[in-house]
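K.L.:
Structure below; questions to follow.
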Amino acid sequence: MFSLFLEQLLNGLQSGVMLFLMASGLTLVFGVMGLINLAHGSLYMVGAFACAAVAAWTGSFWLGLVASLMAAALAGALVEMLVIRRLYKRDHLDQVLATFALILIFSEGTRWIFGSFPLFLNVPEALSGTVTIPGGSQYPIFRLAIIVAGLIVAAGLFALIGKTRLGTRIRAGEADREMIAALGINIDRLYTVVFALGAALAGLAGAFVGTTQSVQVGMGEPVLILAFVVIVIGGIGSIKGALIGSLLVGFTDTMGRFLLPIGFEAFFDPASATAIGSALASMLIYIVMALVLFLRPSGLFGTEA
Amino acid sequence: MSMNRETILNIVLAALLIAVPVIAQIMGEPFIITLATKVAILGMAGVGLNIALGYGGLVSFGHAAFFGIGGYAAGILASHALNYEPIMEAPFEINGTTQMIVIWIVALIASALVALLIGAITLRTSGVYFIMITLAFAQMIYYFAISWPAYGGEDGLSIYVRNSFPGLNTLDPISFFALCAAMLGIAIAFSAVLIRSRFGLALHGARQNSQRMMAIGIAPFRVRLVAFVISAMITAWAGALYADLNRFVSPSMLSWHMSGEIMVFVILGGVGRLFGPVAGAALYILLEHLLGGMFEYWQLPLGILLLVVVLFARGGLIGLLAGERKHA
Amino acid sequence: MPEAILSLSNVTKQFGALLASDNVSLDLLPGEIHALIGPNGAGKSTLIKQIAGEIKPDSGDIRFAGRDINDLSAVERSRMGLARTFQVSSLMPEFSVLQNVVLAQQSVSGKIFRFFKPVLSDASLLEPAMAQLERVGLADRAHMRAADISHGERRQLEMAVALALKPRAFLLDEPMAGMGPEGSKRLTGFLDGLRAEAPILLVEHDMDAVFALADRISVLVYGRVIATGTVDDIRGNEDVKRAYLGEEA
């Protein structure tokens, strides 16, 4: 039981870290450009497909990983320059609609190229075993590796935002759009870079998650909506909020699905306990979100509603 | 002038919507009648959303929740009735029904309650928060429907025989179309009256200037909440009809993609235009049918078209044909 | 001395390092025009916002019509009869001039949630709304969009909306701002008569208007009231001259 619990905790951590990769890019784009981007999930999908295709072609997961970063960043930069750029000054409704259209284009385009059947990504040889975790059960090394990799990327992102010149510009852009213009920074390029950065992070998450699940059209949207929940909880524009929110959502979701059905067995027969427990577990993160909103309408680290 | 043009355009649209299935009936093309029925129902879902989105400026990305609640009201009540299983036995017995009128009432009440709850939370926020949170709550209901096994879970629920309406053979396509068109007419007439009423004026005001509303002593929150609930109820009503059209209800009626589509109807047609959602739904279904017949991946050109409309042709179809929106 | 309709005691509000309201105490008596003057950035608008309930003071008390209103929202304060106008015209731009007033009229009638009867054929709203437009001289603009009328006319419309609320006190935030000399003069005459209807707390930069209208004047500098008194008191006050009038003279 203890080892099962630990395993679920690790799964929660993994899901939280992957969510952070999605949510951080999304929240940056919100914070810096004031844009709601529904197509962020498509970039996640692009990363997963690029990884799967290149890995299948070259036989190397690592090349696939590089491809996922590059493809997503490239797609992000292209989309920003062709479409998104025209939306910054538009209202949210136009942004929602245009990025919804982008989802249709990305999803259907991917289906056209790769077909409707899911692709599968194999775990690289070097990371394919399992380790024994305290309590005795086996946990895949690869899952541990993506937790570590995700945490390293998260740390890198914090360093980038906090310590580099690009980070200063991004923070300046969040605080005051006119200021960055006054500082003589090329806003267009800054926006493209921020967008491509967010896209690359999403693509990376797609490649990682694609290895543990299947790679298919539409895989991005459920994650996108979870990332929205994360941002609502954490507060728009806050990277720290995105981190806390991601971990909260990752743990709540995973542990809820694990513990609630068990908990309900104390009151119901096993079949109904599983049914009620899992139905309730599927709603749990939204209930958490509603609670956070009720207490802090602008999120844990948000500044404005 | 453009008000006049819009009125004429609305009349033409209404006439087309009625004439096409009538001609199809004469020519013996039931499939076209079904398409027209779909336009009427989805247009009605859009008419509901338009009250929140167009008149209230509330960008709800979660209206599939209400559409689906309406659908499930029809599905659940009918399945209990058809299987002769009471919905509950104690303390008193409640049975299912195949009467559309009862189903609609249940759909309206259920959606109103859910909208009241979701609205009370989401309307404390605005802007992108509102968009994301309405989407999130709809998703919550979607996942609930998937993981709740009693009513089919992921597989959905079939309605073996279309529910009935007094004095009408609902299985006859043209009769069912007439029923749906009449309900659409009621929804449009209601929203036309609503926007000219005291409440409509307050709702328009809340969209334009919240601060001013408070200064004259009207709480915008309450106005928006009532609009949100009304909007949800109309969409749910359409959902109940949609379930009967397909004789099937599944979680896909609750999905975010459905929310997006309902929103697309409103925007393709023209935000805040009385007949906008109907024009939008008609265009969408026409495109789906035409493009879908030519090209398997028809959503690709649809996406491109939608993108072009948003970027370059603001005001939607009605805006294009009847000029800019006016407030009278 | 009659009891004040509106009174502030020790109202304090701080934004970061900036003390926007520093222990402000002042009151508004029935039938008077109490002018609030002071250099730009003295915290006049911030004070109006606190009275109207749009921002909350850090400390201090605000009483209105014999009641402590500290915990009331802007909506509740408006409904109690506190009508404010905005320094930058804040109207419903897509509405006609008449609709702007009708909406306020509707609020006073207390019946917002009516869904069927067309509002623009409701004489119980239209007639009083038209009457207010006539009072401010905007009747001939009734059917123009608020966004399309001139700046000065928008100021008049702000007044008409406030009048429609039938308030027990007016909070007027620079009603003359941006008006030509002709318009200012007309509005001065209008406000002069209005004080009999309800007292006015008047924030204004136009000193001719202030000296012509005010029964009392309070001078706000750096968030603090440095003097309150009649027009003559203020004209003769050395502190005021130094702190404020001196700059202009």
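Heads up, the Cβ atoms here are built off N, Cα and C, so glycines get one too.
Just so you know, TrEMBL annotations are computer predictions that nobody has curated.
What TrEMBL records for this protein is below:
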- B:7-26: transmembrane segment (TRANSMEM)
- B:32-53: transmembrane segment (TRANSMEM)
- B:60-81: transmembrane segment (TRANSMEM)
- B:101-121: transmembrane segment (TRANSMEM)
- B:128-151: transmembrane segment (TRANSMEM)
- B:174-195: transmembrane segment (TRANSMEM)
- B:216-242: transmembrane segment (TRANSMEM)
- B:262-287: transmembrane segment (TRANSMEM)
- B:299-322: transmembrane segment (TRANSMEM)
K.L.:
Between the transmembrane segment (B:32-53) and the transmembrane segment (B:128-151), are there three or more CB pairs that fall under 8 A, provided the residues in each pair are separated by 6 or more in sequence?
P.N.:
no
K.L.:
Who are the long-range neighbours of the transmembrane segment (B:101-121) in its own chain, taking Cβ under 8 Å and residues 6 or more past its ends?
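P.N.:
Result: 62, 65-66, 69-70, 73-74, 77-78, 133-134, 137, 141, 163, 165-166, 224-225, 228-229, 231-233, 235-237, 239-240.
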K.L.:
Find the member of B:7-26, B:60-81, B:174-195, B:262-287, B:299-322 that has more C-beta pairs under 8 Å to the transmembrane segment (B:32-53) than any other listed stretch.
P.N.:
B:262-287
K.L.:
Going along the chain, which residues at least six beyond the ends of the transmembrane segment (B:7-26) come within the CB cut-off of under 8 Å?
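P.N.:
Same-chain contacts beyond the ends: 32-33, 36-37, 39-40, 173-174, 177, 181, 185, 274-275, 278-279, 282, 318, 321-322.
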